[in-house]
Amino acid sequence: MRPYKSIEWLAQEKAIRLIDQKALPSVVEYNNYSTVNAVAQAINDMTVRGAPVIGVAAAYGLVIAVFNEESNDVAKLAASMVHADRILRASRPTAVNLFWALDQMAERVAKHQPKTAAEYRQLVLACAQELEAEDIAINKNLSTHALTLLPKDKVTFIHHCNTGALATVDYGTALGVIRMAHESGRQVHVFVDETRPRLQGARLTSWELQQQGISHQLIVDGASSHVMQKFAVDMCVVGCDRVAANGDFANKVGTCNLAMVAKANGVPFYVAAPLSTIDLETSCGADIEIEERASEEVTEIDGARVAPDGIDVYNPAFDVTPAEFITAIITEKGIVYPPFLENLQKIKEL
Ligand SMILES: CSC[C@H]1O[C@H](OP(=O)(O)O)[C@H](O)[C@@H]1O
């Protein structure tokens with residue numbers, strides 16, 4: 001039994017149930033979302049966040065669209081899906097998983113010829129459920145591959161942002177690697193970057209690690225170099241929102257700083273990336289659109305002002321880490337080493 005679920009389809013209500021990631025860890029609250037606009041809004045305001053799970057939430061947004069369409073004309077149902085797709089695509093720009101999941105839904109639905117409205121609705125639902133189930137399997141496979149990179153008995157990680165069961169359907173990507181290390185019997189310790197400004201590390205990763213009984217200490221983002229100098233850190237492991245064809249990748253802002261500090265301290269730096277996050281259409285990091293978010297994320301903490309009124313703020317939600325700072329990329333089909341341009345292509349074709 002999973003103690004908490006990031007997302008769940010409610011068959012009776014024709015809605016998704018999301019844990020409110022904005023309220024965690026002080027309040028564990030679930031809410032239902034039964035319109036396309038409500039799902040898009042939940043993605044945009046980060047009630048649901050994390051690259052893989054926003055893809056699955058968007059897929060269910062399409063399911064909601066076809067169940068909410070009053071007409072039983074198959075062409076109208078298809079049109080409602082196209083309309084919903086447009087709304088969902090506009091919810092957040094950086095994580096490619098959102099666009100990948102919507103593309104997958106269109107492709108998978110197009111393989112069938114449902115004749116009735118009931119068949120059409122069930123088909124769209126089945127495609128979203130497939131993506132949901134696949135996400136869990138992918139994360140477990142990726143985490144299993146990562147075991148080959150770990151010391152046998154004891155392992156100390158630095159982790160940035162939140163990449164756990166909350167950021168995915170279940171198990172997690174980078175946090176899945178850490179969880180698998182723990183479940184394999186290794187003695188695990190994690191230094192958890194707090195991850196300014198939204199504190200996904202402090203609020204979400206610490207909460208998940210506590211639930212899983214994994215030893216950890218919260219650090220401020222700027223402490224990573226000191227931690228690497230003072231303790232035997234075996235590796236940094238992070239998630240990602242989009243990996244370009246040359247291996248440059250976008251992840252939560254602060255990741256690039258961590259990668260550079262890791263290189264300077266001789267600490268291996270790994271990126272946990274489901275193949276759905278690898279975007280061969282984007283040639284390099286400079287071509288990745290970086291989301292900018294509200295200035296209040298920086299000027300306020302829990303609604304309390306911490307910066308002078310009227311201050312000008314630049315708040316990019318992500319940064320791009322150049323491929324040269326990555327030791328390897330961990331995928332569900334295996335570990336990818338440089339040269340990334342060649343090897344990412346190969347693994348995508350497997
Ligand atoms: C496996 S999650 C990837 C990714 O998603 C996070 O972004 P956000 O909290 O803005 O949705 C972060 O960059 C994680 O590493």
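For all residues, glycine too, the Cβ spot is worked out from N, Cα and C.
So that you can see what the record holds, here are the features copied from TrEMBL:
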BINDING   R49, G50, A51, R92, Q200, N251, K252  substrate binding site
SITE      C161  site 'Transition state stabilizer'
ACT_SITE  D241  active site, proton donor
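Feature map: annotations from TrEMBL on the structure.
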residue : record                             : Cβ within 10 Å
R49     : substrate binding site             : 26
G50     : substrate binding site             : 31
A51     : substrate binding site             : 28
R92     : substrate binding site             : 23
C161    : site 'Transition state stabilizer' : 31
Q200    : substrate binding site             : 27
D241    : active site, proton donor          : 29
N251    : substrate binding site             : 29
K252    : substrate binding site             : 27
Substrate site shell beyond R49, G50, A51, R92, Q200, N251, K252, criterion: Cβ within 8 Å of Cβ centroid: I54, A95, C161, N162, T163, A167, G239, D241, A317, F318
Longest CA-CA distance among R49, G50, A51, R92, Q200, N251, K252, per record bound to substrate, angstrom: 17
R49, A51, R92, D241, K252 screened against C161 (site 'Transition state stabilizer'), Cα within 10 Å - retained recorded positions: K252
Integer Å distance between the CA atoms belonging to N251 (substrate binding site) and the residue listed as 'active site, proton donor': 5
